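Trainee: Take a look at this one; I'll ask things after.
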Amino acid sequence: SLFELGKMILQETGKNPAKSYGAYGCYCGVLGRGKPKDATDRCCYVHKCCYKKLTGCDNKKDRYSYSWKDKTIVCGENNPCLKELCECDKAVAICLRENLNTYNKKYRYHLKPLCKKADAC
């Protein structure tokens, strides 16, 4: 769910997920279209593509369990879809952390209409 995703992003990056990534670039947040603006935005693009592969669970509402051991996210689910959902969220959180050095505040509240046609996954 959005709750676990936000918690993972906070744990990995130390940033407030809604404020820092809620409207970042063309892909972070609700909508997604156009060319990713930078590496951080590309993380969100890949994350949206990961969600598109999920079948049988709701990425916004369905809760899953994970643990934070030695600063590492460990997904712990028996349900295959929820496990995959957790892995999608884990991957974006790690990607965002790995690209903190290129995070650009000018894309924090990027206007989505400036993002042109969709990039296919």
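Residue numbers in this text run from 1 along the chain shown.
Using N, Cα and C of the backbone, Cβ positions are placed for all residues, glycine too.
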Trainee: Suppose you had to name the range Swiss-Prot annotates as region 'Important for membrane-damaging activities in eukaryotes and bacteria'; which of 1-13, 66-78, 79-91, 105-117 would you pick?
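Mentor: Per Swiss-Prot, the stretch marked region 'Important for membrane-damaging activities in eukaryotes and bacteria' is 105-117.
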Trainee: If you have Swiss-Prot open, could you say which of Cys26, Cys28, Cys57 makes the disulfide with Cys44?
Mentor: Cys28
Trainee: Cys49 pairs with which of Cys95, Cys121 in a disulfide, per Swiss-Prot?
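Mentor: Recorded partner, per Swiss-Prot: Cys121.
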Trainee: If you follow Swiss-Prot, the disulfide involving Cys95 connects it to which of the following: Cys26, Cys43?
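Mentor: That record, Swiss-Prot, gives the partner as Cys43.
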Trainee: Comparing the disulfide-bonded residues Cys50, Cys88, Cys95, which residue's C-beta has the most other C-beta atoms within 10 angstroms in this structure?
Mentor: Cys88
Trainee: Quick check on the disulfide-bonded residues Cys28, Cys75, Cys81: which one has the highest count of other Cβ atoms within 10 Å of its Cβ?
Mentor: Cys28
Trainee: Going along the chain, which residues at least six beyond the ends of the region 'Important for membrane-damaging activities in eukaryotes and bacteria' (105-117) come within the CB cut-off of under 8 Å?
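Mentor: Sequence-distant neighbours of the region 'Important for membrane-damaging activities in eukaryotes and bacteria' (105-117): 19-20, 23-26, 31, 33-35, 37-38, 40-41.
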